[in-house]
């Protein structure tokens, strides 16, 4: 029995999957990005330091990453659809239980751990299945899907602010949890490329030994059908270099959205204008993703070169952002940061696929998220500690910018390593080509 759709369709129902992933991104990462609106409310409610309160986001980010290998393994054993639906239920549970707000430990366990696990089980399969449905248009499809977090964050900023003002931060958490149940609907629309992993196993054994079709079936099988999770990717130097880049980038990526709102308050900007900053951030982020996805799809520039350039521009914008002293200047610098952040997120998963290849992509995505979790776990508390010591929220932005500069260096090293490896491969193949017997060439010439 041949599994259906063994080759990426590069369109068709794949666009339904992209739209579903678009919504999943919005109901997971967009919620995480706009959680800064709850930061001050929770900090004041429990009368805690910024570093203590930031552990809620830190736990969410860490579990989001740590759960990725588990999510990838479950996708391999079952289906992406099943894991996404499970993630939706977990995300709802985290927010609904956070409504009780018993103490900080309770918040770590609910809006931190459960919410993070729900995001992981939703985000990882959603972005993975999009990559499987597309090949030549993969960069564009990933950019459109990832843009969901921007589109939703654009409206979530003022919407969450309104919820907090009307129902308090606890009531807002409960309502947001109910909205996240729509992740389950999106998961149901994510039709697998093949009916199940069990059918893949059947395909490999149903053809009698010696039949040439058996080998072709194994070669043509979509990477989505692999039954084992490849932990040995950590032995590949190119994957290790990219993982180090991911750690350093994760230390920085989650700091600006967390401290943007408190920085705005420290400048004396009104709450309503502060919420609009998150909307501006989401809007330019959205434009950056679509523009970069479109450009990457032209295959004019190597994606890794494009990624290194966008990371450098993000770090520059983060270094300039603390110079803002009023709403207008803060909005301008926020816009620059958001645009370049969007261009980075649009292609960093595509670069991972280019580094490891699609046959190992599911395993690589899970491992990459796992390793990157250390950066996401350390980044916000470290920035919070620096803010507490300096007594200024600007210090957190300087820390994030400096770390991103360092991460760009590892992208350069990775590119040099790949180029050297490619040159070495060409040199090894040249002697084989030159050993072609002259008589054979002579015969071919006169045939």
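Backbone N, Cα and C atoms are what each Cβ position is placed from, and that goes for glycine too.
Packing against the transmembrane segment (12-35) from elsewhere in the chain are residues 56-57, 60-61, 64, 84, 87-88, 91, 111, 115, 118-119, 122-123, 126-127, 129-130, 133-134, 141, 144-153, 156-157, 160, 176, 179-180, 182-183, 186-187, 189-191, 254, 257-258, 278, 282: each is 6 or more residues past its ends and has a CB under 8 Å from a CB in it. Residues or ranges marked as transmembrane segment by TrEMBL: 12-35 (among others).
If you look up TrEMBL, you'll see 14-419 marked as domain 'Major facilitator superfamily (MFS) profile'.
Positions annotated as transmembrane segment by TrEMBL: 55-76 (among others).
The list of residues near the transmembrane segment (83-106) in space but at least 6 beyond its ends in sequence, with Cβ under 8 angstroms from a Cβ of it, reads 24, 27-28, 31, 45-46, 48, 52-53, 55-56, 71, 74-75, 112-126, 169-171, 173-174, 176-178, 180-184, 186-188, 190. Look at TrEMBL and you will find 83-106 (among others) tagged as transmembrane segment.
Here TrEMBL flags 112-133 (among others) as transmembrane segment.
When Cβ-Cβ distances below 8 Å are used as the criterion, the transmembrane segment (140-160) is approached by residues 14, 18, 21-31, 33-34, 37-38, 126-127, 130-131, 133-134, 172, 176, 275-279, 281-283, 285-286, 289-290, 292-294, 296-297, 342, 345-347, 349-350 of the same chain, each at least six residues removed from its ends. Annotation comment: TrEMBL describes 140-160 (among others) as transmembrane segment.
What TrEMBL records for 172-190 (among others) is transmembrane segment.
Feature annotation from TrEMBL assigns transmembrane segment to 239-261 (among others).
TrEMBL lists 273-292 (among others) with the feature transmembrane segment. Long-range contacts of the transmembrane segment (273-292) within its own chain (CB-CB distance under 8 A, at least 6 residues past either end) are made by residues 30, 33-34, 36-37, 143-144, 146-147, 149-158, 160-161, 257, 260-261, 264-265, 306, 310, 327, 330-331, 334-347.
Beyond its flanks by at least six residues, the transmembrane segment (304-324) meets 249, 252, 256, 263, 267, 292, 295-296, 330, 332-334, 336-337, 340-341, 343-344, 347-348, 351, 354-355, 394, 397-398, 400-402, 404-405, 407-408, 411-412, 414-415, 418 of its own chain at Cβ-Cβ distances under 8 Å. Here TrEMBL flags 304-324 (among others) as transmembrane segment.
The transmembrane segment annotation in TrEMBL covers 330-352 (among others). Same-chain residues lying 6 or more positions outside the transmembrane segment (330-352) and placing a CB less than 8 Å from one of its CB atoms are 127, 131, 138-139, 142-143, 146-147, 150, 242, 249, 253, 256, 260, 263-264, 267, 269, 276-277, 280-293, 296, 303-304, 306-307, 310-311, 313-314, 317-318, 320-321, 323-324, 361, 364-365, 368.
Taken from TrEMBL, the feature transmembrane segment covers 364-383 (among others).
Taken from TrEMBL, the feature transmembrane segment applies to 395-414 (among others).
Tertiary neighbourhood of the transmembrane segment (172-190): same-chain residues 16-17, 20-21, 23-24, 27-28, 31, 38, 80-85, 87-89, 91-96, 98-99, 111, 118, 122, 125-126, 129, 160, 163-164, selected by CB-CB distance under 8 Å and a gap of 6+ residues from either end. Taking pairs at least six residues apart, the transmembrane segment (55-76) and the transmembrane segment (395-414) share fewer than three Cβ pairs below 8 Å and do not count as touching. Packing against the transmembrane segment (364-383) from elsewhere in the chain are residues 51, 54-55, 57-59, 61-73, 120, 124, 127-128, 229-231, 233-234, 239, 242-243, 246-255, 258-259, 349, 352-353, 355-356, 395-396, 399-400, 403: each is 6 or more residues past its ends and has a CB under 8 Å from a CB in it.
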